[in-house]
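*Asks:* Input: one structure, supplied below.
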């Protein structure tokens, strides 16, 4: 039995329109329902389509059901998911998105700590009239305040903007109005993370031509992060694609740690945030209330809601694996009732597992096929950039004989790049076409001690079997 591959979209090489199922097997318009081997088995996401309007289709009844389970406003979550994707795609402004839902969020949650994409205050000079005018145009009322702040006081400018931007966007007269913030003090000043060409921006290059579907990356991730059975942060999908011959293909899928992530835009309490220093998209477990708005807004289906008590109790996990260098609980598995997902091994990046582990991930270390390459995408010498460069150089075209060809024959793509999320994972290889079908891989999940569906574990416990 075959199933639709749980991702199709458009890349920079593969032909054909963007259609069909979204990541995780959510059916697109006109598709037959498919089974999605993710999380508790009930997660689904808005899907990609060639039709501009259906690209932002309101989440379906399955989404509504999972939101209603939380007890929070399901209509609000569904509408915000749709509009957050519009913001990422450039079809709705951050300010309008904030205004549109601010009152309803305050009514439902008593706070509105969503991330708002602000101009970089480090680039704002009090003497630069044009720069201040740009901010004034985006957030009415802040420009005059910034003019009174010395140009060298970048932290003061940042404070002014963080306290006042949302209030000004809402047409409020004063700075720091109740309920109008732009995320926690340690969150990103904007959804851009480190994507300014400076500093660190963690990301991956995954070479699909090297992947053999062994699932070692999944096992390593589960073990390092103490994940509960079936609560996988990484999946490896095997698929066949009639446009790519008879060979079996593989697609490892993890969180894309998007530079312009919809999930951070919808979190009412600021738990889901972009870490300013390196662009990691993380969840503060101490703050997360489990509303699952991030889950339905994510185009990639990478979020997992922690059902029941985790298999590994908190007492057995060292703080170095849980608390990042800001003192926030963002690492390892989430507690019950909280959202979790891939963290790009944040504890490693903070040096808490030793300096030799900085710039590495568990999945990368476990991959014996040289398929996963992690590092700083802003550094030309980093493993992901170097691997792509070396791979391209090994497949160069003879430009003397074929002057009209590209310099190399290497195809690359990013998942659903057309949605404007700016994912920080790049793939080498052919992107799955709309005709791709998910098939059983050479290694079964159960053979590796992995359960691909958390719901199976929960159902087993409910039926009097092993505890969930």
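Any Cβ shown, glycine's included, is placed from N, Cα and C.
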*Asks:* Which of these ranges is annotated region 'Disordered' in TrEMBL: 353-379, 380-406?
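*Replies:* So the range that TrEMBL calls region 'Disordered' is 380-406.
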*Asks:* According to TrEMBL, region 'Disordered' applies to one of these ranges: 1-60, 61-120. Which one is it?
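*Replies:* Based on what TrEMBL states, region 'Disordered' spans 1-60.
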*Asks:* For the domain '4Fe-4S ferredoxin-type' (246-277), how many residues does DSSP put in helix, in strand and in coil?
*Replies:* 5 helix, 9 strand, 18 coil
